[in-house]
2 protein chains.
Amino acid sequence: MDISKLGEFGLIRRLTDDIKPVNVSTVYGVGDDCAVMHYPDKEVLLTTDMLMEGVHFDLTYIDLFHLGYKSAMVNISDIFAMNGTPRQMTVSMALSKRFTVEDMEMFYKGIRAACGKWNVDIVGGDTTSSYTGLAISITCVGEADKADIVYRNGARETDLICVSGDLGAAYMGLQLLEREKSVYYQQVEEAKKKGDRNMLGQLAQFQPDFSGKEYLLQRQLKTEARGDIIHRLREANIRPTAMMDVSDGLSSELLHICSQSHVGCRIFEKNLPIDYQTAVMAEEFNMNVTTCALNGGEDYELLFTVPIGDYDKIEMLDDVRLIGHITKESLGRVLVTRDDNEFDLKAQGWNPLS
Amino acid sequence: MDISKLGEFGLIRRLTDDIKPVNVSTVYGVGDDCAVMHYPDKEVLLTTDMLMEGVHFDLTYIDLFHLGYKSAMVNISDIFAMNGTPRQMTVSMALSKRFTVEDMEMFYKGIRAACGKWNVDIVGGDTTSSYTGLAISITCVGEADKADIVYRNGARETDLICVSGDLGAAYMGLQLLEREKSVYYQQVEEAKKKGDRNMLGQLAQFQPDFSGKEYLLQRQLKTEARGDIIHRLREANIRPTAMMDVSDGLSSELLHICSQSHVGCRIFEKNLPIDYQTAVMAEEFNMNVTTCALNGGEDYELLFTVPIGDYDKIEMLDDVRLIGHITKESLGRVLVTRDDNEFDLKAQGWNPLS
């Protein structure tokens, strides 16, 4: 259905009418000039992210459900990265004329699946039009006890550096998708040049074979925020001294923690958690897998530091890897390679403005 | 300076480094995964707005300072429209390559001027790139005592309908700017066709003469949120029963209040506040000035209802006009014209998705 049939308010009603808030902190949701929330006993956390078509996502290989899911998850991830609990979300989008009501329903379905997973209430947003493409802006509100909030600036000398899950897979997934896309369009171009309508018909039905690479695609297309790690850290009675989520790449994030905490770091190549599929794919692409793990973005794993006294507790945690330790600032930010060489860590991660 | 020289984090530092929070509710601002706020005794208000180049603004006639100012003010206006006090703001923007560091400094200067006026702290945001044009998304957080919050759904039969300032001027300002722009480009086209380089040189220097129409331009380009009205209502001990800000047009907003409050309304054409310049301009454009006042958007005035017992107090307030009253829902939403005809109010205001 054409969106102009519903107009702005009709579309908003269609997308949000059956939303029922689940959090006591949500006083009033969609439908007024503002959402209203109540946080008498907690600190309020606020984060926002903007995603632009052509820059952050490519609708030739991510569908609108997964785009919605991912857009919500990357914001939820920022709340977890402060050791908080996500509670409310606003969803703004600007759409060009090529999108239908059904498209937006699919996008919202993805948003709501992510919010449902972590009990986040959709409390507002803005729905408007765009000249070209789709622009998404999401804001997430969360809560935390003051004493529980973990900033980037709390890492201290001798702290252990930990990371959840594995690294580089989301980036390899993106490389894979981009390769398939470019191969596909090459074939289409060739078929057009030859006027081969038969071939064009086949290409229209074409689905690339991603078998054996499912994990890479999942990491790129179905982003998950690591709230499970936050819960398990709490259960294990571990309070990180510094934490952030890995969105731009491990190196870049670790340098943020070092510069904001005024410390150095020493991480070990051999300890970096890398999935088997990531390693295989890197080889196929003739890329250095360590570089992918250090600089590939969008893993949305948690990078955190804990006091050295928590060593035994951390060792007991599934899916958390100890990758190094914090040092004096004067010792620099160092990567120790498998063959015991030392390199300065550089942020070569994703920079949208470079 | 080219933005790629600074990169994302360099640009953010440049724009936000000297920001000093002024509100006690701001615990931590720019620089971590989330901003942190503290609201032990108040309800938290949250609003967000997205502005897209080519849809919401045209950089041929609004400069980046005023665009920043307006982007911030329209969000601040939403907090006032709940009878709240604005406190924090996040600023997200996606920019195409044609923007320089100096451009973004100018945009931020506008944002900061608006925030400075109402003591709002910039606590975060997202800065990224866009394929085409400029996209802006702003989120504003405010506070209010629970008992003070004014929703759209509180209007009751016999309540008086009031509006601040005057209506239709921002819309006439837009018409004026668009006319001048189209005349200008026609002249350029003609000069190009004739190869008249002399004429082209003159046109490059051309400044349209807006004398006598300054107020219309100011209303379109230098949006102000009516926090002054909120303060004066408090001083006068008036608590509106329903309120919203006029962004899409008076008719559209009044219909929101009626449908959410389950009431009807009766407003009088002769009472609509219209500035002299708006009236003159409407005549020049051969437009019905009442239609402009009812359906022209972007005035950002406050539309509110008060109990009939507040009649005397409202009469005493400068810059607030009584335009009608609330009726039973079954009596409909009615405009009474100067010649005592009655018409159904229709929302013909701005709809970005129509």
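Along the chain as shown, the residues are counted starting at 1.
Yeah, the Cβs are placed from backbone N, Cα and C, and that goes for glycine too.
Of the listed candidates (B:Asp17, B:Asp18, B:Asp63, B:Asp78), TrEMBL assigns B:Asp78 to the same Mg(2+) 4 site as B:Asp33, B:Thr47.
On the backbone, the CA of B:Glu298 (substrate binding site) and the CA of B:Arg152 (ATP binding site) stand 19 Å apart. Using a cut-off of under 8 A between C-beta atoms, the binding-site residues B:Asp33, B:Asp49, B:Asp78, B:Gly125, B:Arg152, B:Ser247 that neighbour chain A are B:Asp33, B:Asp49, B:Asp78, B:Gly125, B:Arg152.
Residue counts for the domain 'PurM-like N-terminal' (B:31-143) under DSSP (helix as H, G, I; strand as E, B; rest coil) come to 34 helix, 46 strand, 33 coil. DSSP gives B:Asp245 (Mg(2+) 3 binding site) a strand state. Fewest other C-beta atoms within 10 angstroms, among the binding-site residues B:Thr47, B:Thr48, B:Ser247, are seen around B:Ser247. Comment: ATP site residues B:Tyr108, B:Gly125, B:Asp126, B:Arg152, B:Ser247; largest CA to CA distance 32 Å, whole number. For B:His56 (substrate binding site), the nearest neighbour among the binding-site residues B:Tyr108, B:Arg152, B:Ser247, judged by Cα separation, is B:Ser247.
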